[in-house]
């Protein structure tokens with residue numbers, strides 16, 4: 001059984017695209033091996049519904065959800081609810097017992113709050129989850145990557161590598177300038193597993209699988 005925790009430097013950076021691409025690849029090239037997708041916590045509507053449409057024959061789990069689309073501690077306070085992380089852990093553990101691969105998507109960024117005391121980095125480190133960091137290709141990507149890798153090290157996260165994701169159409173020159181792989185690997189001492197180009201339709205499973213096949217997947221599976 002393999003578990004990958006997909007985290008980002010921030011919200012809306014491509015975590016769902018990367019998770020979808022990895023799921024599409026597994027469904028296409030490892031169809032005989034079971035797959036589970038879990039959104040550990042969700043606020044508002046979005047990711048879970050996307051996975052259910054994209055992967056109708058895959059078990060998609062969301063152990064904890066709030067209606068208000070803000071950070072979980074704020075959402076829980078607004079809805080007069082608690083944040084039972086044991087429920088989240090149990091949902092993940094149950095899925096791990098039954099699947100060959102579990103793709104777990106985080107929320108927000110690595111430093112985003114999960115409770116009033118804990119961040120996504122705390123969960124990744126304390127739960128020992130092999131983690132992939134998704135970084136958007138834009139001006140400032142180098143600093144974001146360095147800062148988040150440092151945060152991962154501080155919390156003893158098992159960081160397997162970095163995947164860059166293009167949030168909009170970019171030229172080759174822009175990609176090279178915004179996310180110079182050699183420089184980033186030198187600064188972070190962490191492998192860059194590849195680049196996810198901009199996709200207008202993130203529910204095209206064939207394109208998603210093709211894009212994922214260009215990543216250095218031997219580092220993950």
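Every residue number used here counts from 1 along the chain in the order it is shown.
Each residue, glycine too, has its Cβ placed from N, Cα and C.
Worth saying up front: this structure is predicted, and the values here are computed from it rather than measured.
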Taking 47, 204, 216 as the options, which does Swiss-Prot list with 16, 105 at the Mg(2+) site?
47
In chain order, residues whose C-beta lies under 8 angstroms from the C-beta of residue 14 (ATP binding site), counting only those at least six residues away in the same chain, are 8, 134, 136, 163, 165, 166, 167, 196
Determine the Cβ neighbour count for residue 108 (ATP binding site): the number of other Cβ atoms within 10 Å of its Cβ.
22
Binding-site residues: 12, 47, 105 - member with fewest neighbouring CB atoms within 10 Å
12
